[in-house]
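Features of the protein shown, as given by TrEMBL:
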- Gly112, Asn165, Val166, Val167, Glu168, Phe169, Gly170, Arg171, Asp233: (6S)-NADPHX binding site (BINDING)
- 204-208, 223-232: ATP binding site (BINDING)
- 27-308: domain 'YjeF C-terminal' (DOMAIN)
Amino acid sequence: MANMSRTEILGKVYKMIPPMLEKFHKVIGGSEDYTGAPYFSAMASAKLGADMSHVICEPGAGVVIKTYSPNLMVHPYMRQQKNLAQGETIDSISEAVVAMLDRLNVVVIGPGLGRDPAMQETCARVIEEAKKKGVAFVLDADGLYLAQTRPELVQGYKHCILTPNVVEFGRLAKAQGIDVESEDPTKICEKLANAFGGVTIIQKGKVDYISNGKHTLISSGEGGLKRSGGQGDTLTGSLATLLAYRKAYMDRIWDHENDMSPDELLALCAFGGSAITRECSRLAFKEKGRSLQASDLTEHVHTAFVDIIGEKPTEESKL
C-alpha cells in the first residue's frame with residue numbers, strides 16, 4: 001500500500017465505509033477533562049457519521065459541554081485527585097468508566113485530559129480493559145503521556161492509533177531512546193512505531209507520516225495556512241468514527257468483498273482521518289482566513305468527507 005497513490009488509498013478507504021443502514025449503530029467514547037477539546041473531538045466523530053458520541057469527563061466540564069450541544073451524550077464520571085468525594089476512590093471511578101466499554105466501539109483518550117494522577121490512572125485502567133475486550137482506541141494530547149511513561153499499556157496493541165504533534169513525538173521518541181535529531185526524518189515514525197511493537201502512529205506535521213513499523217504512508221493533502229489550537233481534536237474524532245467503520249467492516253454488517261486485513265484497515269483509518277482533517281482545515285481557512293478557530297473545522301467535516309472519500313448510495317437509491 002505504501003507504493004499506492006493518494007487516490008488509490010482513498011479508494012480503499014471508501015470500500016471500508018459502510019452504506020447507511022438502519023442496523024448500523026456506532027458508539028464513540030472519550031475520557032476527557034476540559035471542555036473545548038472533548039467537544040471538538042466528539043462533534044467531529046458525530047459529523048462524520050457516528051450515531052452517538054459519548055463524552056466522559058469531570059462534572060464541572062460536563063455541565064459546560066452540555067451547553068455546547070444537546071447532541072452529545074455527556075457522562076460526568078471522571079474525577080481529579082482533589083475532587084474525589086467521600087467514599088469515592090480511583091477504583092470506584094474506574095469501575096464506572098470501564099463499565100461503559102461494552103457500549104462503545106472506540107475510545108478517544110487525551111483531549112483535555114491533563115496530568116492529574118487520578119485522571120491518568122483511570123485512563124490507564126480503561127486502556128487495560130479496552131485491550132482485553134479488543135476495543136480500538138486513539139491516544140492524543142495528555143493521553144500520549146501514558147504511552148510515554150507507561151509504554152506497556154500500548155506495546156504491540158494493533159487496534160490503536162497514537163497522534164503526536166512535533167513536541168509529543170519528540171517526548172515519545174526520547175522515552176524509547178530514539179534521538180530525533182540524528183534520525184532520517186522520513187524514517188523516524190517507522191522506527192518509533194517499531195519501538196512500540198507495531199502500534200500505528202500518525203506523526204503530525206507539514207505532511208503526516210503514518211506508520212505501523214512495517215509500512216509507512218505519507219498524507220500530504222493541502223491544509224489551511226493557519227494552525228489554531230484544537231485542530232488535532234478534529235483528527236481524533238474523525239479517527240474514532242473511521243475505526244468504528246473498520247469494526248463494522250470486520251464484523252461484516254453489510255455485504256462486501258472482505259478482501260482487506262485488520263492491519264490494512266487500521267492504516268486506512270489513519271490515512272483517511274488525516275486526509276479528512278487536512279481538507280477540513282483547507283475549507284475552513286478558505287472561508288475564515290486568519291480568523292480561523294478550531295470550531296470552524298467542525299462545520300466542514302461532512303463536506304470534507306464527501307470531497308475526499310465520497311458518500312455511498314443508500315439502499316433506497318439503488319432501487
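Placement of Cβ uses the backbone N, Cα and C atoms for every residue, glycine included.
Other C-beta atoms found within 10 angstroms of the C-beta of Asp208 (ATP binding site) number 25, with every protein chain shown included. Put plainly, the binding-site residues Val166, Lys226, Gly230 were compared by Cβ crowding within 10 Å, and the winner is Gly230.
Long-range C-beta contacts of Gly170 ((6S)-NADPHX binding site), restricted to its own chain and to partners at least six residues apart, with a cutoff below 8 Å, comprise Val180.
Looking only at the binding-site residues Gly112, Val166, Glu168, the one with its C-alpha closest to Gly230 (ATP binding site) is Gly112.
Cα spacing between Lys226 (ATP binding site) and Asp233 ((6S)-NADPHX binding site): 15 Å, rounded to the nearest whole number. Gly224 (ATP binding site) has none of the binding-site residues Gly112, Val166, Glu168, Asp233 nearby, counting only those with a Cα within 10 angstroms of its own Cα. Spread of the (6S)-NADPHX binding residues is 20 Å (greatest Cα-Cα distance among Gly112, Asn165, Val166, Val167, Glu168, Phe169, Gly170, Arg171, Asp233). Counting every protein chain shown, the Cβ of Lys206 (ATP binding site) has 7 other Cβ atoms within 10 Å.
Taking the Cα atom of each, Lys206 (ATP binding site) and Val166 ((6S)-NADPHX binding site) are about 10 angstrom apart. Nearest Cα neighbour of Glu168 ((6S)-NADPHX binding site) among the listed binding-site residues (Lys204, Asp208, Ser228, Gly232): Lys204. For the binding-site residues listed here (Glu168, Asp233), the lowest count of other CB atoms within 10 A around the CB belongs to Glu168. If you average pLDDT over the domain 'YjeF C-terminal' (27-308) in this model, you get 94.
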